[in-house]
């Protein structure tokens, strides 16, 4: 099974379109990175079930041709990373964790109503305004929902108090009874917990360990409160754009099940295989803009800085709901 996975990965990363010539030093660097990644995979496997990979030829990571080619050009790049020894199924099973409740009643007043009276800015990046804490790593715990929720809470805390502070995803993993800890959860359940609990601890007071244990919330470590939440109208990227522009970072859900997402490196991500109806991973929309004419969302992931572009991915915007970006979006009220 692992051997088949590696063969599929080689096919994905080897040339799939006309090759673009690169200087020898860059090829050497790519080859060295490939070998180091293979060695790291061997170490992580403990010498067991190591895939049989022929390293006799130098695999070059090329620009990824988009299925359907709707962008009209190759818009993003793939690269080997620390997830190289995992299948896409393993990544989804152990490193996502968005679980949408079967019944999602929407209490009165929780639907976000955008203000259409004025134009939204052409581009927004809340990182530059100091609303976004450093990229975190959820590890092999299905706690993406907690990191997404915490990121949105951190942005609203900055907006309300002027102070940026890392809040505790572990507080949510342990204590949100309507969710399932490392087994998965949903962002609005987390916001509602913080409201009813009258607070959430800081990361310093309640550090992340990525395991399920009993709730150890302490009011002495409380760093933020929440008075409710708002949900963005589904399948409405224009409404999501307004929310990100006027409110701050917004919790969103996407499909993160494809190998192209697993090995994303840079550029604007777009893959027609990304299914808007298969949302399995919670992330944080921290802005939007355009790169070389291609509109995108700025997405903060929780897979550490060694994934993607220092932990971030640019996701195609206004391309028929890329990966379901606007289907499960929400933010807390403070």
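Just so it is clear, glycine is given a Cβ too, placed from its N, Cα and C backbone atoms.
If you check Swiss-Prot, you get these features:
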- 144: active site (ACT_SITE)
- 281: active site (ACT_SITE)
- 301: active site (ACT_SITE)
- 141-182: disulfide bond (DISULFID)
- 175-215: disulfide bond (DISULFID)
- 274-323: disulfide bond (DISULFID)
- 108: N-linked glycosylation site (CARBOHYD)
- 1-19: signal peptide (SIGNAL)
Of all the recorded positions here, 108, 301, which one's CB has the most other CB atoms within 10 A?
-> 301
Same chain, |i - j| six or more, Cβ under 8 Å of residue 274 (disulfide bond); the result in sequence order is 254, 255, 258, 261, 322, 323, 324
Far apart in sequence but close in space: which same-chain residues, 6 or more away, have a Cβ under 8 Å from residue 215 (disulfide bond)?
-> 174, 175
May I ask which of the recorded positions 144, 182, 301 is closest to residue 281 (active site) if we compare their C-alpha atoms?
-> 144
Between residue 301 (active site) and residue 141 (disulfide bond): CA-CA distance (Å) = 14
Round to a whole number and give the Cα-to-Cα distance in Å for the pair residue 108 (N-linked glycosylation site) and residue 144 (active site).
-> 27
DSSP-derived class (H/G/I helix, E/B strand, else coil) of residue 141 (disulfide bond) | coil
Could you tell me which three-state DSSP class residue 301 (active site) falls into?
-> coil
In whole Å, note down how far the CA of residue 144 (active site) lies from the CA of residue 301 (active site).
-> 8
